[in-house]
Amino acid sequence: MTIALGKFTKDESDLFDIMDDWLRRDRFVFVGWSGLLLFPCAYFALGGWFTGTTFVTSWYTHGLASSYLEGCNFLTAAVSTPANSLAHSLLLLWGPEAQGDFTRWCQLGGLWTFVALHGAFGLIGFMLRQFELARSVQLRPYNAIAFSAPIAVFVSVFLIYPLGQSGWFFAPSFGVAAIFRFILFFQGFHNWTLNPFHMMGVAGVLGAALLCAIHGATVENTLFEDGDGANTFRAFNPTQAEETYSMVTANRFWSQIFGVAFSNKRWLHFFMLFVPVTGLWMSALGVVGLALNLRAYDFVSQEIRAAEDPEFETFYTKNILLNEGIRAWMAAQDQPHENLIFPEEVLPRGNAL
């Protein structure tokens, strides 16, 4: 039996190989296969947002001015969500709502679904870009894993939450003041600050900020100096063989401060990765729960006692009254189509009034 050994040669004109060679070529800005998703989606999402905040009104969906053309500034302009009556329609330009009319499409809130969907796929493309480039240079994929956390938050807040409610109307509009209003809405209708998933998210974000500050300061404090000159730190040389800072000195310092300290760099940096990523993932899970109208902590016994005893009130019961006030004022403003009217006697009043 004869066995022929040799290199298997593919057709040189193979389209996949040609594209792969061009897309993954070493250039100033890496493109890659992920770039086919990232660059068009990011371009359309940003372009839609700039177009909406510059020219498009929210009069037909929210009864608001929301563009620079109407007198808004950077903090008050927004690309607003579609009207509640449009439910979960994708609002395609060629769909039954706009019927190819670009002006009508903008008036109906079509730019919001356009920006939200292209933005979500653009973020996913950016995560895939990190994964693809890491494989190309033989790195671990932890950058991509870390970036999955803000993607989870974006998808849960802008897509999953309104999908669980009656329509895109209840998602945040794309603007600074608009998102502040959405946060107030979350507090009033879901008591979000008392939700344990929100607490984990806050602990993750603030804990990560603390870890970054401590880590940066510690590294600066323990840099190996390489002479007396102002610019003679060999740490600026990317090919240095020696360490940049003294882990041993840092370990001794924090051992004296706290009594405990990280003993190796792997555990230290994994912890710095773990804290914010886990916090953001937990908050994303919490928002998915809110999409299903799951409730946070309820201390009903305190509410009952506060209702019966005029002299008893806690910070919790005061916050519950605040939430009722937010709901009473916000519902009538945000949902004028519901014709909600709250007489004076049903508006919340604290025991102090």
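The backbone N, Cα and C atoms fix where each Cβ goes, glycine too.
Per Swiss-Prot, the features are as follows:
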- His118: chlorophyll a ChlzD2 binding site (BINDING)
- Gln130, Asn143: pheophytin a binding site (BINDING)
- His198: chlorophyll a PD2 binding site (BINDING)
- His215, Phe262: plastoquinone binding site (BINDING)
- Thr2: N-acetylthreonine (MOD_RES)
- Thr2: phosphothreonine (MOD_RES)
- 41-61: transmembrane segment (TRANSMEM)
- 125-141: transmembrane segment (TRANSMEM)
- 153-166: transmembrane segment (TRANSMEM)
- 208-228: transmembrane segment (TRANSMEM)
- 279-295: transmembrane segment (TRANSMEM)
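Positions of Swiss-Prot features highlighted on the structure.
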residue	record	contacts (Cβ under 8 Å, 6+ apart)
His118	chlorophyll a ChlzD2 binding site	Cys41, Ala42, Phe44, Ala45, Gly48
Gln130	pheophytin a binding site	Pro141, Asn143, Ala144, Phe147
His198	chlorophyll a PD2 binding site	Trp192, Ser283, Gly286, Ala296
His215	plastoquinone binding site	Leu268, Met272
Phe262	plastoquinone binding site	Asn251, Trp254, Leu268, Phe271
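If you look at the transmembrane segment (279-295), the same-chain residues 6 or more away from its ends with a CB under 8 A from one of its CBs are 148-150, 152-153, 155-157, 160-165, 186, 190-192, 195-198, 200-205, 207-208. In the three-state DSSP scheme, Phe262 (plastoquinone binding site) is classed as coil. When Cβ-Cβ distances below 8 Å are used as the criterion, the transmembrane segment (125-141) is approached by residues 24, 30, 32-35, 37-39, 41-42, 147-148, 151 of the same chain, each at least six residues removed from its ends. Under 8 Å from some Cβ of the transmembrane segment (153-166) lie the Cβ atoms of residues 81, 84, 87-88, 116, 119-120, 123, 172, 280, 283-285, 287-288, 290-293, all in the same chain and six or more residues away from its ends. There are 15 other Cβ atoms within 10 Å of the Cβ belonging to Asn143 (pheophytin a binding site). Secondary structure from DSSP puts Gln130 (pheophytin a binding site) in a helix.
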